[in-house]
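Each remark here refers to the structure printed beneath this line.
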Amino acid sequence: MSRRKKRVTGEQALRLEFESVDHQPLIDALGVDIPRELLVLALTHRSFANENGMLPNNERLEFLGDSVLGLSVAGQLYQQYTSSPESDISKMRASIVSRYGLADIAREINLGQHILLGKGEQLHDGRSKDSILADTTEALLGAIYLAHGFEIARDTVLRLFKHKIDTASATGLHQDWKTTLQERLAERNLEMPTYTSTVTGPEHEQTFTAEVAVHGTVLGTGVGTNKKLAEQAAAHKAVGFLQDNPAFV
């Protein structure tokens, strides 16, 4: 007589999926501990929750994290850019906390591999979707706030977003061409860009040249006094290329 295989409950599926990945590198990247229960919740996308018996998902934490993020960035911009009018710092904040800005940070800390997704989202490369990466980043910030309070959550935000905040007024009004390029590529369902750079000249007067490519095709080349500026210039050129070549896929 064959034995009927026991069905895995939603809670069991959640535990198995969560424990299949080592989350310590994520905790290290965030720079702050998160209690296991909150970490599990923050990483549980609604697709996984719905496929496994309507488990709790991270949307409420996302709501909380959005507020923590917005206030933290707004406060820092207010203090750091004392001569900028409200209209300018408002635009800076909007760009920094946008879906694409958040997804940028998520990729820097390799968040995608830690997210608990349903089978459908996994098949559609959900771990690389800007929307899922951004929402999960906010959920993690919400979890940090609940575990440690606003001050620690704010410090985490300012550490993760330091470069974006520090460069927000590089061109008067914030224009992050790398983020804009990611947005344009996502609209066409294209893979994220790759950057390569070279440096020439003496150490005290170096010139950096960067290329940005998609599918092995170079879309733009930029020059700058450091690597970041060169990559921004290359991304700017790539955005122009996409505007001039709407059929590029």
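Glycine is no exception: its Cβ is also placed from the backbone N, Cα and C atoms.
Among the candidates GLU62, GLU203, GLU205, GLU211, the one that Swiss-Prot lists alongside ASP135, GLU138 as binding Mg(2+) is GLU62.
The secondary structure of GLU62 (Mg(2+) binding site), as reduced to three states from DSSP, is helical.
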